[in-house]
Amino acid sequence: MRRKFLEEKIIFSSIIKWSILALFTGIIVGTSTSLFLKAIDYGIKYRRIFSFKYYYLLPLALIISVFLIQTFAKDAKGHGTEKVIEAIHKYDGAIKLMVVPIKVLATLITIIFGGSVGKEGPSAQIGGGVMSFVSDILKIEDKDKKKLVICGIAAGFGAVFGTPVTGAVFAVEVLYVGKMLYDVLLPSFIASFTSIYVSKLFYVRHSNYLNVGNLDNSSLILYLKVFIAAILFSIVTFMFIEILNKIENIAEKIKLNIYIKTLIASFIIILIALIFSDDYLGLGLHMIDDSINGEDIIWYAPFIKIFTTTITLSFGGSGGILTPVFFIGSTLGSIVGELLHGSLPLFAGLGMVSVLAGAANTPIASVLMAVELFGGGVTPFAVLSCIITFLLTGHRSVYPTQILSMKKSESIDLEVGKEIKSTTVMGTTKKVMYLKKALDNNQLEKIIPLENIFFLKAETKEEVLKEFAKKMSNMKKKMKKKDIMKALQQREEIYSTALGHKIAIPHFEVSLNEDFFILFAILEKDIKWDDRNYVNTVVMIAKPEFEQKIYLEIVAKILKQIKDEDINRELIASKTPEDVMAVLKRKKS
């Protein structure tokens, strides 16, 4: 009998243990997050004392934010939820405690003086950071520390938005695309619920929108309108993520002092406020309220918000990204609702949760948020809109360290199990389709053009690499010889690219936007490549980052053709690039 109920006893003990830990988490995170939220409210209230526009101080605010982050805690940069996700996946939930106060200060300064960010990211980082610290004090095992940090995310989300179920599900859904951590769901809910209860003791106000109109759940016309709206939501969500990534990359590449870059960016934001309105600065909660209450929204509102948010986060601002997501979604929904002659509150609400579903890859949490904020009547429309937006946004996210656990279509050739930023849709790009077709049809001339085949007189590996760098820079004008040479040398320092059979395949990565580039060289004589290998055939490959699968297929195809000794002798005896290609394309007997 004892053995029969052993499993239930263990599970029951675990439930009790995690209920207590989650309750504890909710109290701690609820208190710290509530203090943070009240500080934002007071800061926004008392900035009215200035006799000038508050956002004129944004340059100084962002400079201070950058200084704090660069000096004391670089992990406080950007939107906090992403850093917590990264910590869970890479560091067993370990988050430096210093990140918490720096994140709070930097975010307060950014929001109060007009930076376009949200408050949920810092709350997640507060929750995760505090629980990581508590776990260290209590000497909790790493696997349990990760669970506590996830509970911290749930508690932070719940305290900010006042949605206990959404907070719990968001925390266990946001870590992976297509996978939920059900074992953390109960403690996450308890932590989220407790945190909300604590926040109410601090008189933190939460939005509660129940005015979405009378909904006819049997109206096919309404479902069709929602379907069309979801397609538009996904297009703008796609735009938002791509623009965010693009501006972040531009910010990194600009060769200026970080403080000068921040100043320039802050002046651009001020200019936007002067030209359009300061509605697009700060949290913009009044615009979300106006959208869902059916007020008229100017058509360009979501697009200006995309711009101010990406500039703020890319050039020194600190804060969350979900409040801007809700701004973009709700204003877009209101505009779409007007275009489709639908209920503005309904479509604003659907836009809000649908853009969340697409941007964060959290369709279930997004549907639950719709139910908690707008009532059960919105459920079927939220399900339709959130799922379509989630799927059509594709394999991208505002949280690039999410782990991809599923493909959104089985027709897509895509690696799963990696960070979403490291995955590339290979089966749908023209570039990769072209290469795969050429490989399948033995059309090596389409992979290695004749002008890329040459004969080389060299004495050392260094001379070979220099010649490759020279030729590639001449043929690819955007790439500098010294940069190519440096990349090739760095690869050789990691490990030799000699593969035996007198073959070497030096390689390096180029931007994802670049095409594969291959040079094929026949050496006049064997040269020493490393301590164990001499080579006479060298193939240099520049591959776009993340295109590992097709790269390996290309290498396998070339090796299969040239590692045979007879083939190698024929290659060495070749006199022209045409001779080399004929040998490469010859089918083995």
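Numbering starts at 1 and runs along the chain as it is shown here.
In case you wondered, yes, glycine gets a Cβ from its N, Cα and C as well.
The feature domain 'PTS EIIA type-2' is assigned by TrEMBL to 445-587. TrEMBL lists 20-40, 52-73, 94-113, 147-172, 184-203, 223-244, 256-277, 297-327, 339-360, 366-392 with the feature transmembrane segment.
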Close approaches to the transmembrane segment (147-172) from elsewhere in its chain (Cβ under 8 angstroms; 6 or more beyond its ends): 18, 21-22, 25-26, 29-30, 33-34, 37, 81, 84, 87-88, 93, 95, 119-120, 123-132, 134-135, 140, 180-185, 187-196, 198-199, 204, 206-208, 360, 362, 364-365, 368-369, 372-373
Chain residues in Cβ proximity to the transmembrane segment (223-244) (below 8 Å; excluding those fewer than six residues from its ends, i.e. six or more beyond): 302, 306-307, 309-310, 313-314, 325, 328-329, 332-333, 336-337, 340, 342, 347, 350-351, 354-355, 358-359, 380-381, 384-386, 388-389, 391-394, 396-398
Remote residues contacting the transmembrane segment (297-327) - C-beta distance under 8 A, at least 6 residues beyond either end: 62-63, 65-66, 69, 76-82, 103, 106-107, 109-111, 115-124, 236, 239-240, 243-244, 247-248, 250-251, 258, 261-262, 264-266, 268-269, 272, 276, 279-281, 283-285, 287-288, 290-291, 334-335, 352, 355-356, 359-360, 398
Dominant neighbour of the transmembrane segment (339-360) in 52-73, 94-113, 184-203, 256-277, 366-392, by Cβ pairs under 8 Å: 366-392
Stretch with greatest number of CB pairs under 8 Å, the transmembrane segment (256-277) reference, 20-40, 52-73, 94-113, 184-203, 366-392 candidates: 52-73
Annotated stretches the transmembrane segment (94-113) and the transmembrane segment (366-392) touching (3 or more Cβ pairs under 8 Å): no
Candidate ranges 52-73, 184-203, 366-392 - greatest C-beta contact count to the transmembrane segment (20-40) (under 8 angstroms): 184-203
Stretch-averaged pLDDT - the domain 'PTS EIIA type-2' (445-587): 84
Residue distribution over DSSP helix, strand and coil in the domain 'PTS EIIA type-2' (445-587): 67 helix, 36 strand, 40 coil
